[in-house]
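Database features, via TrEMBL:
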TRANSMEM  36-56  transmembrane segment
DOMAIN    84-128  domain 'Homeobox'
DNA_BIND  86-129  DNA-binding region
DOMAIN    131-332  domain 'TLC'
TRANSMEM  142-161  transmembrane segment
TRANSMEM  181-199  transmembrane segment
TRANSMEM  261-283  transmembrane segment
TRANSMEM  303-328  transmembrane segment
REGION    339-389  region 'Disordered'
Amino acid sequence: MAALTAWFWNERFWLPHNVTWADLADPEPGVEYPKAGHVLSALPLALGIFAVRILFERFIARPCAFLLRIQASGHRVAQPNTILEKVFTSITKYPDGRRLEGLSKQLDWDVIKIQRWFRLRRNQDKPSLLTKFCESMWRFTFYLYIFIYGVRFLLQTPWLWDTRQCWYNYPYQTLTPGLYYYYITELAFYWSLMFSQFTDIKRKDFLIMFVHHMATIGLISFSYVNNMLRVGTLVMCVHDASDFLLEAAKMANYAKYQHLCDMLFVGFAIVFVGTRLGIYPLWVLNTTLFESWEIIGPYPSWWLFNALLLVLQILHVIWSYLILRIAFKALSRGKVSKDDRSDIESSSDEDEQVVKDPRKPAVIHRHPTTKGENGTNGHLTLGTWAQEH
């Protein structure tokens, strides 16, 4: 174990040349540097955020939903049937034509009736608009709060105006209370998303978002331990700029203010593209790749950090294309397309005539559409957009 620990915390990987952990262990009185143990404080804070969320959704979000006439209306319940329930829970929720024919003969039901049963049964596991509205309102509130806090904090810092300040005297850059609070709060929020994934609305992209949250936690923790906090705050603020607009658009959609929903989504698309394809590469990547090379020079963890940021930029390009496509269709058709991960399935006869898997194909994306549910939120966020129909 000692050998593994020594290998993991190898100074030649984590720190610039001629810098050791001992140099950062005992600073002058009144001076504090980031330490690996600090990130553990995010765990109890994450539990606190999760508790606040429960109270917020119950005592603030639900009354707001009722004011907007969003009710917790239940879904139609499928007729109890032991055979179909066993197939649904143990085999498939989307039986193909061959299985439907077999069940039709076994139960003496027609195929359309069995299809209707499976559709109703799937819908029973899906959340009401009230549940989705409360979740989106919580995310909107936190994203807006942390973005405003980040902007106010960065306005008082020298590296907002001169990004070269991110690297002067690195890694001997002191940890201020405001910087610590900003970083640990962001980290704790993503830990709280990890916890809440197991109690939130269950979605088809559960595994993708689980990996996304882990990657985000890993990158935030990595930059904290490496004392790249200054440039890390720029990355966080850029990524926080658009998230609250998406959640606002989803709330408008649940409240059935479609025109407002479309406008907010288009606004989200503009901000997303502007920050991810403009500010991020021209401001953030410029300083992490070129200014840092000139001031401190590369070292192993520097290469890894920049590789992750470049991968993120590639994802930004893909996500921006998909978001702009949806925004364009929202403007041309007058309605943002829906996300199939947790919406209620149609009860039209058109659906019932489909014998094969009725699920719509999905593409990988950072955010759901305004009828989708996830967010992430976040810095390195991945979600699932449903193809439009």
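Even glycines carry a Cβ here, placed using N, Cα and C.
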For the transmembrane segment (261-283) against the transmembrane segment (303-328), do we get 3 or more Cβ-Cβ pairs below 8 Å once near-sequence pairs (under 6 apart) are dropped?
yes
Below 8 Å between Cβ atoms, which of the listed ranges 36-56, 142-161, 303-328 makes the most pairs with the transmembrane segment (181-199)?
36-56
Which residues, given as numbers and ranges, are at least 6 beyond the ends of the transmembrane segment (36-56) yet have a Cβ under 8 Å from it?
9, 137-138, 141-142, 180, 184-185, 187-189, 191-192, 194-196, 221, 224-225
If you average per-residue pLDDT over the domain 'Homeobox' (84-128), what number do you get?
89
For the domain 'Homeobox' (84-128), how many residues does DSSP put in helix, in strand and in coil?
32 helix, 0 strand, 13 coil
